[in-house]
Amino acid sequence: MESSGPQESTSRIADPQRTDSPRSNDDWNVKDTFIIEEQIEVSEGSHKDVSIMETLKKSFFKYLKFVGPGLMVSVAYIDPGNYSTSVSAGASNQFSLLCIILMSNFIAIFLQCLCIKLGSVTGLDLSRACRAYLPRWMNLTLYFFAECAIIATDIAEVIGTAIALNILIKVPLPAGVVITVIDVFAIMFVYKPGTSSIRFIKMFEYGVALLVLGVCICFAVELAYIPKTTSVRRIFRGFVPSSQMFEHDGLYTAIGILGATVMPHSLFLGSGLVQPRLLEYDVSHGNYSISDSDLADKKSKEEVLETKYFSYKPSLAAIRYCMKYSFVELALTLFTLALFINCSILIVSGATLYGTEGAADADLYTIHDLLSKTLAPAAGTVFMVALLLSGQSAGVVCTIAGQIVCEGHINWKLVPWKRRLVTRAISMIPCLVVSICIGRPALSKALNASQVVLSILLPFLVAPLIYFTCKKSIMNAEVKDEDGSVTRKVNMANNWFTTIAAVLIWIFLSFLNVYAIVQLGISHGDIN
C-alpha cells in the first residue's frame, strides 16, 4: 500500500537521495520539513491541552475532598457576635468600617494558614502543642485565656440564637437559651474526634455547610431589599480607610469587629480539623495502622482510637499532599462566604439604620423592627432567619472548639463522654447565668462586650501559634525507611518573610487593643 500525507513526507526526509522525488532537495528540505514540524507542534499542542485539562480536572476533584474544614472555620467568622458588631458599625459609622472587615479577613486567612501548617506538620492542634512544648504554668495560663474566649463566644452564640427564636416564634429568652444548650450537647455526643469515620466527619461538615449556604441566600435576598438610593460608590469607598471610622467610638466598634472576625477559638479549631484527612491518607497508603495488639490492654475501642489519633504524626507524603489543598480551600471559603456575609450585615445596617433616631442604641431588635417597617416585613424575617442559622452553626463549631481546648490543654483521665460533659459545663454554665439574668436591655451590650473581650485575648493566643510554626525543632517532618526508623527530618518552619509578617500582625493586634483600652478609659473618664 502506498503511503501518503505525512508518511510520504517523512520518508523523503529520511532518504533525501531518492530519484523518484518530484521536487528538488532544496524544495522538500524547506517545505516538507516545515509541514512536518507544524504537524508535530499541533500534535504536541493538543497533547499539552489534554494534559492541562486532565491536570485541572484531577486537581479539582482532589480539592473537593478537602472541602469542609474551611467551611467549619468560616462559621466562626459569621456568628451572632459578628451581627451585633456589624449592626452597630453600620448604624453609627455607615459603610466606613468595611475596611476593618476586609483587613480582619486577611489577618484571619493568614493566621488560619499557620494553624493548618501547625496541625499538618506536627499532627497536634494548638492546645495539645501548648501542653507538649510549653512549661506547665504557661500551658495552664493559656488554657485559662482559651476558656475565657470559649465562654465569651458561647455567650454571643446563645444570646443571638435566643433572640432569633424570640423574634421569629415568640420563644421567651430563657427558654431559647435552654433550647440552644440542649442542641449543642447533642452535637457534643455525636462528634467524636478520632473515633468518627472520615465519611461521618464529611457528612457533619456538609450539614454545617448547608447552614452557611442558607445564611448566604438570606443575605443575597436582604441586599435586594436595601433602598435603591444607596450609593454603590459610597459602599465601595468604605473599603478604604477614612476619618469617618473614628466617629462615634468607631475604634471601640472596630476592635469588636476584629474580635468577632479573628476569633481566638477558631485558631484551635483550624489546627484541629486538618488531622482526619491526613490520617485518612496515611492509613490508605499503609503509612499508619492500628494492630490487634493495640486493642489488648484497652477498655474500649473508642479509647484506643482516641489514643492512636492523638499520638499520630503525619508522614511527609501526607503533609505535602494535603497541606496545599487545605490552604486553598480555607482561603477561598473565607474570602468568599465569610467576607460576603460580614460585609452584607454592615451594608444592610448602614443603608437602613444610619442617620435614624435609634442608630445610637441599635441592636438586633432594632434592625429587625426597622427592616420590617421601612423595607418589608419579609426583610426583617429573613434577617432573623439568617441570625438563627448562624447561631446554630456557630454553636456547633464552638462546641467542637471547646472540646479541643479542654481536652488538649488538660490530659483528662475521665471516660470520653464524661470528659465532654465536664468540658462543656465549664463554658455553658457562665453562659446560661449571663444570658438569663441580664435581660433584654443589656443583651446588645453583652454581645458587643464579648467581642471586645475576644479581641483583647487574641494576642495571648496568637503568640504560641507564631512561636510553634517558627521553631525548627517542632516544625519538622520525619522521613522513615521500611522498618520504621527515621532516616532524616525535613524542616518546614516558617521562612523569614512569613515570620516577619506574623510578628507584625501580632504587634498590630496588641497595639490596637492597648490603644482602644486607653481611649475607652479616657472617654469614660470624661463622661464621669
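The backbone N, Cα and C atoms fix where each Cβ goes, and this holds for glycine too.
Pulled from TrEMBL, these are the features on record:
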- 1-12: compositional bias 'Polar residues' (COMPBIAS)
- 15-28: compositional bias 'Basic and acidic residues' (COMPBIAS)
- 1-28: region 'Disordered' (REGION)
- 63-83: transmembrane segment (TRANSMEM)
- 95-119: transmembrane segment (TRANSMEM)
- 140-165: transmembrane segment (TRANSMEM)
- 171-191: transmembrane segment (TRANSMEM)
- 203-226: transmembrane segment (TRANSMEM)
- 251-274: transmembrane segment (TRANSMEM)
- 330-355: transmembrane segment (TRANSMEM)
- 375-400: transmembrane segment (TRANSMEM)
- 421-443: transmembrane segment (TRANSMEM)
- 449-470: transmembrane segment (TRANSMEM)
- 496-518: transmembrane segment (TRANSMEM)
**Item:** Leading contact stretch, 140-165, 330-355, 375-400, 449-470, 496-518 vs the transmembrane segment (203-226) - CB distance under 8 Å
**Value:** 375-400
**Asked** What stretch, picked from 95-119, 140-165, 251-274, 330-355, 449-470, has the most CB pairs under 8 A with the transmembrane segment (375-400)?
**Response** 140-165
**Prompt:** Sequence-remote contacts (6 or more beyond its ends) of the transmembrane segment (330-355), Cβ cut-off under 8 Å?
**Reply:** 69-71, 73-74, 77-78, 82-83, 86-95, 97-98, 101-102, 105, 108-109, 112-113, 116, 212, 215-216, 219-220, 222-223, 226-227, 230, 235, 238, 261, 270, 362, 366-367, 370-371, 374-375, 383, 390
**Complete:** Given the transmembrane segment (140-165), its same-chain partners at Cβ distance under 8 Å and 6+ residues beyond its ends are 76, 79-81, 83-84, 127, 130, 134, 171, 173, 175-177, 179-181, 260, 263-265, 268, 364-365, 384-385, 387-388, 390-392, 394-395, 398, 401-402, 405-406, 409-410, 426-428, 430-432, 434-435, 443, 446-447, 450-451, 453-454, 457, 460-461, 464
